[in-house]
């Protein structure tokens, strides 16, 4: 830190104390001692050499402590800070890509808002500072620039960022081959800027060169909007938080047995009788708005229509379901109300096709989720029309026959997906289930077409069985990535089924290579899941953040260290989430943020 002290002294040689006076609420400054920020009480004698907390976090380690997620590439920087003028930032985006103009504007406004949110009181901010020019350099020869940006599994999200001091300004040069790489670079740039509450100015780390790219291409969150409804505003807030940590997939579990809150224009009865109220329906306009909001923030919004189980409300007058609202519910399904599609009703597939048509028109997904979990054979076996159909087909009523019925449904449903997509062979995701057991998976599912989302425990033997058969997977093991775990049982006494609560530490240390072993190349990435039986938009932020940030760093840079190396940074990151309007849960007393590495129990 000697070099930093010298440079810091040169840049801030003015006696700020004599000019501005000591703010009444400012008590402590910090110094870097052995890679740890140590606080001390401010006075006139030590004011000029003191570091503010975010400045100290930024510089007092081998890495840049304000970055989350940690970069996954080469990082070079000097401990050189300069005062910037937030009102004099020139955003120099390409002008020869008119179809991108909206996306540049959105991200310029977002960048300015992030900087503004760093300021506790705009009235006391020191005037002046260096102007900054942000240079966007993008490979416009790429054919994808003929259309609006679309994230796919082959999208290059890498970027390079250089920050240097010019003659009389600061230059930030971001280079990438796609819009998504540029967007990630802007997010990183915003984290290189901190508010120094001692000097009352925004400061930037002014000599930085880094290259960065994600370790995994699928970095997601699942939100269930059927058990409890979430407003468009709450979903957008979630997308903003996701963008801040470079998560790129919003998995929208939009419909379930409890409610059907999506407008289907050709089948309006589904949402008219299936939603909790007509105020709790996502219209086509709502969905289009959310999809575009996510796209501008580097996020794919992917719908899930879970079937053949997890259907109910909205379908009750169609004679296309089995055991809807059957009692006692625990004999027929995992939670009330029960309901499954009847695979033997031909007209049901026409309704499915209309639902798929609206979903593909609105979301234009590069991957589609068809659900496929928790199918109850007891439910089907209690339905006379299904039993009669199976007997008429010459089948028996054994488990293997109901598996075959399920396979029949999946094949017919897939035909409808292929019809509405004009045979584009869109990849399909299914949850782990009896259909993905080793005895059945290759008979009914094609590894070239299906991805399997793992929701069992990390050490479930089925995971390696699926990988050995060549399937690619998305990891959502419930023992680390189900964020609804931990709480009262909502159907009886005790705690909910997957208790206890999962701390951010377990999320952070949930390594993909431990899940997949030497099949790691078949892991697309992972998702955290928010199932909403006991969550709605009033407690969504606390349930998601900053635990989802822990997942984001694991998937972006996959650090070799464990949660202990990340603890100090995630405390500061949580503060930044709150400043940006995310009601993230506190992880420790604020004293621990101000007293770095003083709270955790030692490994020894």
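Think of each number as a place in line: the chain as shown, counted from 1.
Each residue, glycine too, has its Cβ placed from N, Cα and C.
Marked as active site, proton donor by TrEMBL: 374. Every protein chain considered, the tally of other Cβ atoms within 10 Å of the Cβ of residue 374 (active site, proton donor) stands at 16. Under the DSSP three-state reduction, residue 374 (active site, proton donor) is assigned to coil, being neither helix nor strand.
Marked as domain 'Beta-hexosaminidase eukaryotic type N-terminal' by TrEMBL: 68-192.
Positions annotated as domain 'Glycoside hydrolase family 20 catalytic' by TrEMBL: 216-558.
Taken from TrEMBL, the feature signal peptide covers 1-21.
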Secondary structure content, the domain 'Beta-hexosaminidase eukaryotic type N-terminal' (68-192) (per DSSP, counts of residues): 40 helix, 38 strand, 47 coil
